[in-house]
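According to TrEMBL, the feature signal peptide maps to 1-17. Here TrEMBL flags 24-64, 232-255 as region 'Disordered'. TrEMBL lists 34-55, 236-251 with the feature compositional bias 'Gly residues'. Annotation source TrEMBL lists domain 'PDZ' at 144-224.
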Amino acid sequence: IPWVCTLFSLLMPLGLGRRKKAPPLVENEEAEPGRGGLGVGEPGPLGVGGAGGPQMGLPPPPPALRPRLVFHTQLAHGSPTGRIEGFTNVKELYSKIAEAFRLPAAEVMFCTLNTHKVDMDKLLGGQIGLEDFIFAHVKGQRKEVEVFKSEEALGLTITDNGAGYAFIKRIKEGSVIDHIQLINVGDMIEAINGQSLLGCRHYEVARLLKELPRGRTFTLKLTEPRKAFDMISMRSGGGRPGSGPQLGTGRGTLRLRSRGPATVEDLPSAFEEKAIEKVDDLLESYMGIRDTELAATMVELGKDKRNPDELAEALDERLGDFAFPDEFVFDVWGAIGDAKVGRY
């Protein structure tokens, strides 16, 4: 399916010194899919990373390097409490949850922290507070919806779970999608016009939706998270990002990394929190996605750079897969600079 996960270059490179982009960074990848039982079900036709073939990455770290932290978890629609430990990335986390509740790992769609509701402000990203309670949302009803694209913008913001599933994080009020009651925040986008999107990243799915021709009807195949009784018929457009409580309890967080072992770190500084929020807003504005872990990586890459060209070079080296446009890089540089000097 050559068109499904094709990446597009948006603008000419920024500066003469900008290097050719490095091999793509695929979050939560493993060198050998399925090694040690860490895979998330069977990959879709394009592979879990969306690149259509084996992914280059590091093998799982040895058990001695994994933080021995125990987290409590429940299924969001209701279950006994389980205990999980010994994971170092999102795919391993989902596998541990599936093992605890005797589910296929592919059934786990995403997790929220400290609430069983489909609350996108509480979505688990790359950090877990050391006392956070994890609620796992599993696959529920599947549905197929026809959508007439009457406007260029559909009003969707897309995110993904870091393990091959892209889903709806936000629906803009008054938008094309907002008028279709069958489509809800939390729905996994399984296919567009019959073409599977399993294994695609959020930015790829957002691009495909944007490229659909205006004035035409297209078909979305969706899977919604299984709902508890008190959640049935509840629809949410998603709150403002960053409006919910901050993760963690003052004792630090577990940082899940795509390469290397997870680490226990202090909570982000005020500068980092504000910079991450501003960069995440820019991701939504330019690319139609939200991804706090991606935003945190960009802030980490940019906070010590001396100019936008150095930032662009670092982004190409670590995140070249995203093909960020020049004006986006300039705005990210400005957002990090504003946060540094307290211009919030």
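Cβ atoms here come from the backbone N, Cα and C positions, even for glycine.
No curator has checked TrEMBL annotations; they are predicted automatically.
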Original post:
Looking only at the domain 'PDZ' (144-224), what is the mean pLDDT?
Top reply: 94
Original post:
Per DSSP, how many helix, strand and coil residues does the domain 'PDZ' (144-224) have?
Top reply: 13 helix, 31 strand, 37 coil
